[in-house]
Amino acid sequence: MASIHGPITDVSEFHEVLKSSKRIMALCGAGLSAASGLGTFRGAGGMWRNHQATSLATPEAFEQDPGLVWLFYSYRRHKALQAKPNAGHYALTELSKEMPDDFITLTQNVDGLSQRAGHPREQLKLLHGSLFDIKCFDCDRIELNNYDDPFHPLLAIDSEEDSRLAPAENTEQARAAYEDPNVDTTTINPDDLPHCPDCKAGLLRPGVVWFGEDLPEDTLDEVSEWIEKDKIDLILVIGTTATVWPAAGYVSEATSKGAKVAVINMDGLDGELGAASNLRDDDFLFQGDASKILPEILKPIIGELEGVH
Ligand code: OAD
């Protein structure tokens, strides 16, 4: 027998709430791009070669072995450029166009797929930067939208079989290798990596936010300004474990402004939903692939998406 308590899973009930919502926010994570073939950070997709993806996303990892960290990001740039936006990205693009002042998307994704799906830039807040921005590790230099692949000849991804880059065949194997001190971790001499053309001293690095670093201040200011303007009716929490702060904190910021929460995730309540795990009876949970669910639940506003899968 179905539980009488929420969260609600009925699409038509969601459609009614959607149609009456005046201001909507979305918080996206790696699960939005999973259907495009890009790995997530946690769970089954969270290993790269023998390394836990999150352990490479720190300034300390870069200082210790910039070649290894660059190879990880070169691989991610390459995969992101090969991938195509999916129907979930396009659905959010359409919703943005229908609600130019009243819908913003905060994304933790750095893969550029929302941008390539035509998401209006002023409605897309990149909380964690972009794989395609290049910064200096030491000075303030930043270059936006560098799509060179490879970024540097030493970082070329020749094939999926490149032994420096190939992801482990499965998570168990990767975990075993991760713990094996004898596993070869050949990388690149830091002197040979690209250095900053301005200060000459610093190494260039990907323009993403690493653990322990601040999020871009101007982006946070723009988000706060939008949130403060009025009440919020709905927050869509899409493909994220909502465990990384301050991004995860936007769920409660939205609910404190009156928002109902709608979680769209492959996992249900028995999985890790982080800041979105305390769903109330009138919140929503749509369990499954965001690329399938978003076009369906947003249909009353965006209509049928044509020509995308
Ligand atoms: P995670 O890897 O933590 O979570 C991905 C989420 O997507 C999980 O909840 C999955 O259940 C879900 N998921 C997987 N496939 C899906 C699909 N097809 N449709 C819907 N949901 C799906 O990724 P994030 O929450 O984005 O930060 O991680 C947050 C941050 O941690 C990242 O931005 C990155 C990372 O370390 C930094 O690098 C600073």
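Think of each number as a place in line: the chain as shown, counted from 1.
From the backbone N, Cα and C atoms, a Cβ is placed for every residue, glycine too.
Keep in mind that this is a model prediction, so the values were computed, not measured.
According to TrEMBL, the features are:
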DOMAIN    4-304  domain 'Deacetylase sirtuin-type'
ACT_SITE  His128  active site, proton acceptor
BINDING   Cys136, Cys139, Cys196, Cys199  Zn(2+) binding site
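If you take the Cα of Cys139 (Zn(2+) binding site) and the Cα of His128 (active site, proton acceptor), they are about 19 angstrom apart, rounded to a whole number. Sequence-ordered, the extra residues of this chain that approach the Zn(2+) site, with Cβ no more than 8 Å from the Cβ center of Cys136, Cys139, Cys196, Cys199, are Phe137, Asp138, Asp140, Arg141, His195, Pro197, Asp198, Lys200, Ala201, Gly202.
Checking the recorded positions His128, Cys136, Cys139, Cys196, Cys199 against ligand 1, the ones with a C-beta less than 6 Å from an atom of that molecule are His128. Cβ neighbour count for Cys199 (Zn(2+) binding site): 13 (other Cβ atoms within 10 Å of its Cβ, all protein chains included). Cys139 (Zn(2+) binding site) falls outside any helix or strand according to DSSP and counts as coil. Calculated from their C-alpha atoms, the gap between Cys196 (Zn(2+) binding site) and His128 (active site, proton acceptor) amounts to 21 Å.
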